[in-house]
Ligand SMILES: O=P(O)(O)O[C@H]1O[C@H](CO)[C@@H](O)[C@H]1O
């Protein structure tokens with residue numbers, strides 16, 4: 001392991017025995033897949049560190065997609081933790097992902113917001129990308145709202161549209177990569193969690209209504225999201241194949257977070273902001289880029305803030321108060 005990994009992971013750097021390239025007990029391999037997964041106790045340590053510094057228990061966790069960090073700026077009484085200061089936490093390396101965990105109140109509900117997420121292409125294994133979801137769970141979060149920027153594959157989708165995720169296709173899982181790989185930690189959830197009811201139907205329905213109330217009319221949809229490993233945008237042939245498979249939007253995140261959240265029995269709502277058209281024709285002159293993704297996110301900043309606030313208000317009135 002590299003020195004950097006040791007600091008991030010809080011590990012000793014000692015290999016637990018399955019590594020063939022061990023010198024003096026220190027693992028010499030540099031690939032991220034070789035890292036030891038977090039133990040339950042490490043996640044607990046992170047959750048305790050935060051709980052001791054935050055005077056309320058967050059109920060809803062929000063993950064901000066690329067360029068969507070302003071969702072966190074509307075939090076009242078914010079308490080911020082740069083990821084680099086949180087024990088065991090990874091750090092964000094992508095433009096448009098500030099790298100802060102922010103606690104506060106939104107629509108009078110205690111929430112925690114990830115202003116920046118972790119992606120596989122940054123070099124993190126999927127379990128590490130999704131680790132903050134488990135920290136949220138141990139802090140008391142029962143509802144996840146995962147947001148992302150995505151390319152629109154469906155022919156009716158336009159830049160600026162919102163797609164509420166009704167299902168996903170775990171392409172990385174097809175290739176044998178999953179955040180739940182490795183020994184199962186029963187204290188989080190079962191070895192073989194179901195995934196056919198991953199996305200809360202009632203919240204999707206309410207999300208559509210809220211979108212319409214906010215004037216979205218034909219610009220709000222329900223659809224199927226898929227995550228590829230990135231960081232390159234897709235080829236024409238890849239996009240055509242994904243379309244044939246039934247994908248409506250494509251990105252490089254969210255699926256591993258949702259799987260981890262469902263494993264530990266969190267309720268999930270996810271939505272994509274369509275930030276660019278997927279290019280399905282060989283003679284197109286356009287090329288996708290991260291700047292257009294960020295620009296589209298900026299353009300929808302205010303609307304998305306209202307959208308999320310209204311959804312949280314609904315969750316609060318319909319569920320959180322009933323359970324307390
Ligand atoms: O999924 P989020 O984090 O919103 O970001 C999306 O935008 C970036 C590409 O522009 C990729 O990271 C992709 O996953």
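Each Cβ is built from the backbone N, Cα and C atoms, and glycine gets one as well.
All annotation found in TrEMBL is predicted automatically rather than curated by experts.
Take the phosphate site that TrEMBL assigns to 66, 97, 117, 118, 119, 253: the candidate from 47, 146, 149, 270 listed for it is 149. Only 66 of the binding-site residues listed as 66, 118, 234, 276 bring a Cβ under 6 Å of any atom of ligand 1; the order follows the sequence. Regional average pLDDT for the domain 'Nucleoside phosphorylase' (59-312) in the model is 97.
According to DSSP, residue 149 (phosphate binding site) is assigned to a strand segment.
Annotated phosphate site 66, 97, 117, 118, 119, 149, 253; additional same-chain residues within 8 Å of its Cβ mean position, judged by their own Cβ, are 65, 92, 94, 96, 116, 148, 252. Residue density at residue 149 (phosphate binding site): 26 other Cβ atoms are found within 10 A of its Cβ, drawing on all protein chains shown. When the neighbouring Cβ atoms lying within 10 Å are counted for each of the binding-site residues (66, 276), the highest count belongs to 66. Between the CA atoms of residue 276 (purine D-ribonucleoside binding site) and residue 119 (phosphate binding site) there is a gap of 19 Å.
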